[in-house]
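> Features from TrEMBL:
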- A:19-138: domain 'PurM-like N-terminal' (DOMAIN)
- A:Asp21, A:Thr35, A:Asp71: Mg(2+) 4 binding site (BINDING)
- A:Asp21, A:Asp71, A:Asp215: Mg(2+) 3 binding site (BINDING)
- A:Asp37, A:Asp71: Mg(2+) 2 binding site (BINDING)
- A:Asp37, A:Asp122: Mg(2+) 1 binding site (BINDING)
- A:Asp44, A:Glu269, A:Tyr318: substrate binding site (BINDING)
- A:Gly121, A:Asp122, A:Arg147, A:Ser217: ATP binding site (BINDING)
- A:Asp218: Mg(2+) 5 binding site (BINDING)
2 protein chains.
Amino acid sequence: MLARILPRLRGAAPLLGPGDDAAMIAAPGGAFVITVDTLVENQDFRLHWPSGFESSGFDVGWKSAAQNLSDINAMGAYATAAVISLTLPHSTPVRWVEELAEGFSAAVRELGALDCSIAGGDLGRGSEVSITAAVTGALPTGKPILRSGAKPSDIVAVNGVLGVAAAGLALLDSTLPAADWTEAEAGIVQGQRRPKPPLHAGPEAARAGATAMMDLSDGLLKDGQRMATASGANVCIERGALLNDIERLEPISNALGCDPLPWVLAGGEDHGLLATFPAEADLPPGFRPVGVVQALEPGESNPKVYFDGLAQGASIGYDHFEG
Amino acid sequence: MLARILPRLRGAAPLLGPGDDAAMIAAPGGAFVITVDTLVENQDFRLHWPSGFESSGFDVGWKSAAQNLSDINAMGAYATAAVISLTLPHSTPVRWVEELAEGFSAAVRELGALDCSIAGGDLGRGSEVSITAAVTGALPTGKPILRSGAKPSDIVAVNGVLGVAAAGLALLDSTLPAADWTEAEAGIVQGQRRPKPPLHAGPEAARAGATAMMDLSDGLLKDGQRMATASGANVCIERGALLNDIERLEPISNALGCDPLPWVLAGGEDHGLLATFPAEADLPPGFRPVGVVQALEPGESNPKVYFDGLAQGASIGYDHFEG
């Protein structure tokens with residue numbers, strides 16, 4: 001099995017690996033960042049969708065790479081290595097696993113993680129498909145951008161799409177047959193299957209003086225709430241800044257008979273960046289303002305995310321262990 | 001859930017983390033080593049055994065830490081950080097997961113990985129318990145000890161027990177009721193449940209000039225074969241060097257009516273070290289000679305592991321994807 005998979009896992013060359021007990025990775029600056037994420041069949045992805053769509057191994061591999069690379073990007077870092085652990089049922093076709101390896105490698109390459117080696121892994125049996133990747137990164141500015149650094153009067157900015165992955169999920173989960181999707185609909189589903197974190201934007205934001213930054217993985221409001229809580233300041237989002245995001249999804253919401261706004265505000269898995277910059281900063285390419293950071297009101301003790309001046313509740317966005 | 005688990009995951013302090021998109025870890029010398037391993041319920045561990053024994057979360061957490069720390073040890077490195085991804089069914093009791101976190105932390109501490117932080121993690125749902133850990137390490141000598149460096153006339157040496165984990169597994173899998181185990185039997189089972197990789201021995205072997213080193217995870221002969229193949233030389237093991245290992249397991253083999261030798265030669269999961277040293281080297285503390293490295297015979301093209309002068313076949317030791 002490994003002999004079929006390893007040639008399909010391609011990236012930059014590590015200092016050593018895979019093949020020994022551990023791989024060896026360069027850490028310029030004498031430090032590195034590290035993240036880990038798991039995708040489990042029927043929890044984080046489906047192989048067969050109500051719409052009749054079939055997810056390929058390529059899609060799952062791409063998504064595993066993208067979500068981990070996005071976490072590294074959100075620190076202001078660039079990826080240096082990935083190690084992958086795969087759990088596979090006996091019934092999984094070898095070709096599906098080969099495609100998974102190809103999808104992981106394609107994401108690393110096409111998203112521009114050119115310094116990321118695929119340095120090692122582990123392969124085991126289980127009753128459901130599960131893929132865990134740990135990805136490491138290097139910090140070009142020497143220091144990470146945390147979610148806790150947002151200051152009152154900072155600009156709140158976003159890089160990347162909002163709500164596309166959620167709208168794509170709605171299409172996959174719908175009874176609108178995949179075979180009948182328009183080109184626009186198929187494009188939105190593609191955004192769910194193969195998210196495109198803007199990988200160079202994280203280090204660029206760090207160089208441009210971003211005060212706080214995080215990955216948009218669980219929706220603008222929920223992730224904004226996390227930034228507000230970590231920073232001790234309110235994160236205030238303006239609807240007027242999201243009109244293009246809403247408009248982009250209207251053909252989908254019209255076809256499904258629903259409101260596109262919840263996708264834009266609370267949809268997860270887009271893997272763009274939420275960042276704050278000093279008011280006087282020039283936003284780096286790809287970032288657009290969506291609001292401002294404000295100090296807590298007198299008497300206000302819990303930092304909140306506001307949408308058009310209204311404080312948002314706790315039950316927004318996606319959380320595995322909610323409820 | 002996380003609020004219950006995180007306080008139980010204790011280790012050294014990382015430069016940053018957990019709590020942001022990624023953790024930040026020091027990498028003295030400008031490089032690090034990294035490994036990843038997964039344990040899956042009913043594949044790599046059981047919760048309920050034929051003997052009536054019940055595995056605790058503590059045992060599973062300990063084992064996950066031990067096997068990853070052992071891989072770092074086998075590079076001649078000391079662990080600097082662990083990130084953990086947990087997949088849990090809805091039915092898993094929170095207390096069991098707390099124990100898992102406590103077991104992981106206890107292994108880090110009691111095995112002596114005092115520089116290892118538990119830097120972050122991921123928590124998700126699935127139909128079976130699965131724990132993946134990625135562990136990083138630093139190289140005190142600046143270079144890793146590979147499995148490919150064994151040279152003809154080198155001493156082959158082992159640090160740690162041989163066959164104990166396999167004998168313990170045989171007891172767990174037997175119909176000998178756990179309630180009736182002798183103290184010696186319970187001790188052997190403890191070796192399976194909570195293996196003790198000799199963590200300081202890896203860096204010590206590197207400093208003492210080890211030419212090759214690897215983790216004994218799949219049995220002496222299978223791992224010896226891997227070292228032989230990687231090094232292009234024969235690894236020759238002498239039965240006379242293993243008499244104490246065999247004798248230690250005789251009470252168990254007598255109780256179960258079987259031969260202890262296969263445990264010593266082919267039993268996995270002991271997580272000791274297999275290393276080679278120049279013939280003139282003083283073996284560092286804890287290492288004992290078990291054989292020698294020999295050049296391939298004229299006409300011999302495939303390096304092999306030999307036991308008492310007899311070449312061993314390919315089907316030795318444990319491999320998830322065999323057959």
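A Cβ is built for glycine as well, from the same backbone N, Cα and C atoms used for every other residue.
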> How many Å separate the Cα atoms of A:Asp37 (Mg(2+) 2 binding site) and A:Asp71 (Mg(2+) 4 binding site)?
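On Cα coordinates alone, these residues lie 9 Å apart.
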> Within 10 Å of its Cβ, which one of these binding-site residues (A:Asp37, A:Asp44, A:Asp215, A:Glu269) has the largest number of other Cβ atoms?
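Answer returned by the neighbour count: A:Asp215.
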> If you measure every Cα to Cα pair among A:Gly121, A:Asp122, A:Arg147, A:Ser217, the residues listed for ATP, what is the largest value in Å?
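So the maximum pairwise Cα distance among the ATP binders is 32 Å.
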> With 8 Å as the upper Cβ-Cβ limit, not reached, which of the binding-site residues A:Asp37, A:Asp71, A:Asp218, A:Glu269 neighbour chain B?
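Cβ contacts with chain B under 8 Å: A:Asp37, A:Asp71.
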> Counting Cβ neighbours within 10 Å across all chains shown, tell me which of the binding-site residues A:Asp71, A:Asp122, A:Asp218 comes out on top.
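The most densely surrounded of these binding-site residues is A:Asp71.
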> Can you tell me which binding-site residues out of A:Asp21, A:Thr35, A:Asp215, A:Glu269 are within 10 A of A:Arg147 (ATP binding site) by Cα, answering none if there aren't any?
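Cα filter at 10 Å returns A:Asp215.
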> According to DSSP, folded down to helix, strand and coil, what is A:Asp71 (Mg(2+) 4 binding site)?
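The residue in question, A:Asp71 (Mg(2+) 4 binding site), is helix (DSSP, three-state).
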> List only the single closest residue to A:Asp21 (Mg(2+) 4 binding site), chosen from the binding-site residues A:Gly121, A:Ser217, A:Glu269 by CA-CA distance.
A:Gly121
> With the cut-off set at 10 Å between Cβ atoms, which of these binding-site residues ends up with the most neighbours? Options: A:Thr35, A:Ser217.
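The residue with the densest Cβ neighbourhood is A:Thr35.
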> Rounded to an integer, what is the Cα-Cα distance in Å between A:Gly121 (ATP binding site) and A:Thr35 (Mg(2+) 4 binding site)?
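Pair distance, Cα basis, whole Å: 15 Å.
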> Could you say whether, by DSSP, A:Glu269 (substrate binding site) belongs to a helix, a strand or a coil region?
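Coil, per DSSP.
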> Round to a whole number and give the Cα-to-Cα distance in Å for the pair A:Thr35 (Mg(2+) 4 binding site) and A:Asp215 (Mg(2+) 3 binding site).
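Between the Cα atoms of A:Thr35 (Mg(2+) 4 binding site) and A:Asp215 (Mg(2+) 3 binding site), the distance comes to 12 Å.
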> Looking only at the domain 'PurM-like N-terminal' (A:19-138), how are its residues distributed among DSSP helix, strand and coil?
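Once the DSSP states are binned, the domain 'PurM-like N-terminal' (A:19-138) shows 37 helix, 47 strand, 36 coil.
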> Per DSSP, the residue listed as 'Mg(2+) 5 binding site' is which: helix, strand or coil?
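Its secondary structure by DSSP: coil.
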> Could you tell me the mean pLDDT the prediction assigns to the domain 'PurM-like N-terminal' (A:19-138)?
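Mean pLDDT, the domain 'PurM-like N-terminal' (A:19-138): 95.
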> Sort the binding-site residues A:Asp44, A:Asp71, A:Asp122 by C-alpha distance from A:Asp215 (Mg(2+) 3 binding site) and give me just the closest.
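So, of the listed binding-site residues, the one sitting closest to A:Asp215 (Mg(2+) 3 binding site) is A:Asp71.
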> Which one is closest to A:Asp122 (Mg(2+) 1 binding site) in space, judged by CA to CA distance, out of the binding-site residues A:Asp44, A:Asp218, A:Glu269?
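Out of the listed candidates, the nearest Cα belongs to A:Asp44.
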